[in-house]
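First up is the structure itself, then whatever we jot down about it.
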Amino acid sequence: MAKDLKFSEDARQSMLRGVDKLANAVKVTIGPKGRNVVLDKEYTSPLITNDGVTIAKEIELEDPYENMGAKLVQEVANKTNEIAGDGTTTATVLAQAMIQEGLKNVTSGANPVGLRQGIDKAVEVAIEALHEISQNVDNKNEIAQVGSISAADEEIGKYISEAMEKVGNDGVITIEESSGFNTELEVVEGMQFDRGYQSPYMVTDSDKMVADLERPYILITDKKISSFQDILPLLEQVVQSNRPILIVADDVEGDALTNIVLNRMRGTFTAVAVKAPGFGDRRKAMLEDLAILTGAQVITDDLGLELKEATMDMLGTANKAEITKDNTTVVDGDGDQNSIDARVSQIKAQIEETDSEFDKEKLQERLAKLAGGVAVIKVGAASETELKERKLRIEDALNSTRAAVEEGIVAGGGTAFMNIYEKVAKIEAEGDIATGINIVLKALEAPVRQIAENAGLEGSIIVERLKNADIGVGFNAATNEWVNMLEAGIVDPTKVTRSSLQHAASVAAMFLTTEAVVANIPEESNNDAQAGMGGMPGMM
């Protein structure tokens, strides 16, 4: 494919147009009085949202050079979302401000490499200053405040706070769509996995089609159980205890399944068989998790164990097990707490080591099931369009809350950037490095300026007053009042604020040091070529 090239100022200006188009679409959403953006969807109703990363991902420009500029800012939003889960609009506003200011200086003759050094130096000092003014999140109310500010909805903040209180900071909180109008919180305690009973005849409640087992024994194996004789000696001992048994195996089939069902129907004993969760190595790990949680031993060839030789002390126990057609939940397992804590530490170490997002997600799910449980926020709304928009806001709020618990909080509404302004301004430097520091200083004003402008106010006036205000005091654009932002509950997670600044600076520095841009020249399609022939006579 042929290529087209642009150099120096021509290249940077072309890309800047793309940066501005994307950033201008995103930045109208920032702040309590930010607007929504409507996104066209090919097969469904339009999506109305104020989520920065969602808007950024949708933008594809026709001009290849403009599109490359837009893609750079998309990268800022994506990276910030990936690390902190929120703050994508702030990152976009910061990136645009740095690129615009930097380009003015490059056009005036500044050396881009010197500017980059200045930007890096300023950001390093800014991040140190952010951590100095950061405060830990200690209680339920502070967690609720973070969620409420991110989602612009107090009710959402309350749900997230309750969910984190019930399943812990490491717990899994999922967001699902509800079929009703109301949003509600549902907490699944204990370990749940997506495998249900192997026969509907195993249920204990035929109305609800659920098998509820009180104080069950739990047999865990990675083997396939085909012969009833293999488990008969163990079942005879379980019958004498007059307690139910949950069998978790690779599969239960043949006369083993038939006899379990027949004995269940005759009332001889209560047994429920479910397939083991996961596949391959993940299955082994999940079975081991369940064994540690319930105090069982996995019957496996790896340990040289046979089902015929299994004894009662190899079985796990729990306070309760609930099995539906699709899920099995084991509540309050009787495993040794020290063993559970050691397993939790092991999984946390694996999370730190892995680079795979998929593996990290699966490890976090396993961690949550061992550490506390799973909370589900079921999102309700009056229409599909509202449902999608509300779900996106809750996802952002949840990510913000987790970030706040991890690294603490700072004053919100762009105030934190102005609180660190003076420290960055005091950095001693000369020449292009000093100019690079000034680029960051100008960018630190941008979020506050944009929030004020979205509220219909003059941003410059708010910025100048903030430069002289005490740390933590800021402008509440929702009420047009000057308040202590932390006391008023207007806060941002430190991690979100830090990530947005770091990623914006990184992309801006790359942009300013760009000297050539190479774009593909689209190939003329066959249809266009044939149309150009004008239907020549004699053609067959």
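The backbone N, Cα and C atoms fix where each Cβ goes, and this holds for glycine too.
Taken from Swiss-Prot, the feature ATP binding site applies to T29, I30, G31, P32, D86, G87, T88, T89, T90, G413, N476, A477, A478, D492.
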With every protein chain in view, what's the tally of Cβ atoms within 10 Å of the Cβ of G31 (ATP binding site), excluding that atom itself?
24
Work out the three-state DSSP category of N476 (ATP binding site).
strand
Please compare the binding-site residues T29, T88, T90 by how many other CB atoms fall within 10 Å of each one's CB, and tell me which has the fewest.
T29
For T88 (ATP binding site), the three-state class that DSSP assigns:
helix
Among all protein chains shown, how many Cβ atoms are found within 10 Å of the Cβ of N476 (ATP binding site), not counting that one?
18
Are there residues of the same chain, six or more positions away from A478 (ATP binding site), whose CB falls under 8 angstroms from its CB, and which are they?
P32, K33
If one looks at the chain holding D86 (ATP binding site), which residues at least 6 apart in sequence have a CB under 8 angstroms from its CB?
T80, S150, D396, A397, N399, S400, A403, P493, V496
